[in-house]
Number of protein chains: 2
Amino acid sequence: MHCLNVELGERSYPIIIGSKLLGDSQYLLPYIRGQQICIVTNETVAPLYLQQLLKGLSSFDKVDVVELPDGESFKTLDTLNRIFDTLLEQRHNRTTTLIALGGGVVGDMCGFAAACYQRGVDFIQVPTTLLAQVDSSVGGKTGVNHPLGKNMIGAFYQPRLVLADMDTLTTLPDREFSAGIAEVIKYGLICDEPFFSWIEKNIDALLSRNPQALAYAVDRCCRDKAEVVASDEREAGGRAILNFGHTFGHAIEAVQGYGRWLHGEAVAAGMMMALELSRLQGDVDDDLLVRVRSLLTKAQLPQQSPADMTVDHFLQAMRVDKKVVDGKLRLVLLRALGDAKVVDDTPREKVIEALKNCGAK
Amino acid sequence: MHCLNVELGERSYPIIIGSKLLGDSQYLLPYIRGQQICIVTNETVAPLYLQQLLKGLSSFDKVDVVELPDGESFKTLDTLNRIFDTLLEQRHNRTTTLIALGGGVVGDMCGFAAACYQRGVDFIQVPTTLLAQVDSSVGGKTGVNHPLGKNMIGAFYQPRLVLADMDTLTTLPDREFSAGIAEVIKYGLICDEPFFSWIEKNIDALLSRNPQALAYAVDRCCRDKAEVVASDEREAGGRAILNFGHTFGHAIEAVQGYGRWLHGEAVAAGMMMALELSRLQGDVDDDLLVRVRSLLTKAQLPQQSPADMTVDHFLQAMRVDKKVVDGKLRLVLLRALGDAKVVDDTPREKVIEALKNCGAK
């Protein structure tokens, strides 16, 4: 079992990573203050892991469950309201604890519900996908989508605990697993060159879901993320590097319709676009792109724009991205492998060239 | 012009109170960071004060307006979404500033929209009702109602500025004005005995809307509230005294249907219930109730339960109140005039007796 801490003053919290954590009450109990619990999960995860989680919570008076439909297309204010309905119908009070059991969508919605219910109650992340374990469950970004933009409605709200059980990855569909690998590669690229080299050496072990390799990678990604988040909780500056590949990726998700491309898939293609742009700006050389492409190919991740997207689609969608400040498009590019920078004066024609080189029409 | 500061560290902000403030850009401009502004108002206030406010904002590139329907019954997630629609359609980014022009409902919704839009943008309160000026615009409580409970979905989120223009009170309907007087009386009761005596001496001047008397009262209420809020921003403890009369009042609002009783009217009746309960507990004597009743009568405010409400209606509605912690009903009672306390062990039969004495069936 690995344990690390996200250092955010009075909002600090631990991340516990290991096997056989789910049914073991000792990990959860110290972080539950009251007598009420509401588990938020979805129709796919519930049949697999809900009973195990409930076993560890048998000592509580009241454990309710909200089972949401599965998928990014349900990450809406309407679905969020179903959580509030249950909390109010079941008379949950300010001392209740919400537990997110599922992937990024469940975690983001459960966290946002916790941020808003009675102006804020406790919540715990129990991420069951690789993407959620290495990225979305850590750092306190919560929210829902709007038809006009991803994650446009939300809050910075930190969990009391993240409990990442490696065993839940055994049932993860290959496509979802690969989507998580995209974010793992991201950490190497933006801030951790030694980890990037480790991934290159261990990509086969990761893809065959070797538990030790996975636990190492999750731990390393969480440490990298915790450090970035601790230095800039509300994304005033440095935290933005975590969005490497995401501005392009969000455009793909928005134009394709949420859910058609998985988030990690869109990020994979988006990272190639950001790398291509970094190359055009003279910051990284072709060799790095070859190395990243090789990893993405092994993980069966996309490296190009969807065939039906034009440059205009991208530019239009990116205009509403949260990274736009006073009309300037803010992009995360690489200075070098393991060294990302935030840039808001990239020439428009270079962005267009990079998009075209990556298959946008 | 009066100016005071709400001291909340990096979230501190000024309250400016006076006349002819609305159309004067010098008050707003220092608190607007970007080039985008979105004014949230309602169909009643817009025809009266929107043009004046816009006059002071003529130097900005982009000023959008969201006009909501008027009334507590529209304080919902659905109405909130109309604000997000406009912000996204008009491509507002993280540097935008939302301005709430209106009463408590507009302020609560605009503030909550600001808390959630792109995980938090700036907002300014321009309260145009007495209730909003003395209470709801100060302190950072934002949110919307749920069919099962008032203000159950929301955030603690502080404005950058509160601009209270006394001139907007000249057009306030009598019933709304009286509702605000209920909250003014509340401050005297819970924490400011000298102010309570001042209100008794100046109630006629207040009710005739004498501008000097009003400015004094608004300033005094805001100072009292600022002090309470500064000591307990997120209502972990002491701030709860601001809810004097509100637990009973919320029950009235919920059972009657939001909007049939104005918030201040429900608080007036709720304060009499809390006072009666304090009297039954032996903490205050009948003389104080007589004094409060005299003020409420002059202001034409209700002092009794709605005729159609039973004791069970109250107990049922109060069970979901945010002041319920682990099954215990938390009530604000008076130790003495100007000295409120939070109590969570009031005997149920005393609560019932107080409700009956105040007209509940």
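Cβ atoms here come from the backbone N, Cα and C positions, even for glycine.
According to TrEMBL, the NAD(+) binding site annotation covers A:70-75, A:104-108, A:128-129, A:Lys141, A:Lys150, A:168-171. Taken residue by residue with DSSP, A:Thr168 (NAD(+) binding site) is part of a helix.
A helical conformation is recorded for A:Glu183 (Zn(2+) binding site) in the three-state DSSP classification. Summarising the annotation, TrEMBL assigns Zn(2+) binding site to A:Glu183, A:His246, A:His263.
As annotated by TrEMBL, domain '3-dehydroquinate synthase N-terminal' applies to A:66-178.
Here TrEMBL flags A:180-324 as domain '3-dehydroquinate synthase C-terminal'.
In the domain '3-dehydroquinate synthase N-terminal' (A:66-178), helix, strand and coil residues by DSSP number 47 helix, 35 strand, 31 coil. When the binding-site residues A:Glu183, A:His246, A:His263 are ranked by how far their Cα is from the Cα of A:Ser73 (NAD(+) binding site), A:His263 comes first. Here the binding-site residues are A:Gly104, A:Gly107, and the one ringed by the most other CB atoms within 10 angstroms is A:Gly107. Of the listed binding-site residues A:Asp70, A:Glu183, the Cβ environment within 10 Å is emptiest of other Cβ atoms at A:Asp70. Long-range neighbours of A:His263 (Zn(2+) binding site) (same chain, six or more residues apart, CB within less than 8 Å of its CB): A:Glu72, A:Gly104, A:Leu131, A:Ala179, A:Gly249, A:Glu253.
Excluding the listed site residues A:Glu183, A:His246, A:His263, the same chain places A:Leu131, A:Asp135, A:Ala182, A:Lys186, A:Gly245, A:Gly249, A:Gly264, A:Ala266, A:Val267, A:Gly270 with Cβ atoms within 8 Å of the centre of the Zn(2+) site Cβ atoms. Here the Cα atom of A:Thr168 (NAD(+) binding site) is found 18 Å from that of A:Glu183 (Zn(2+) binding site).
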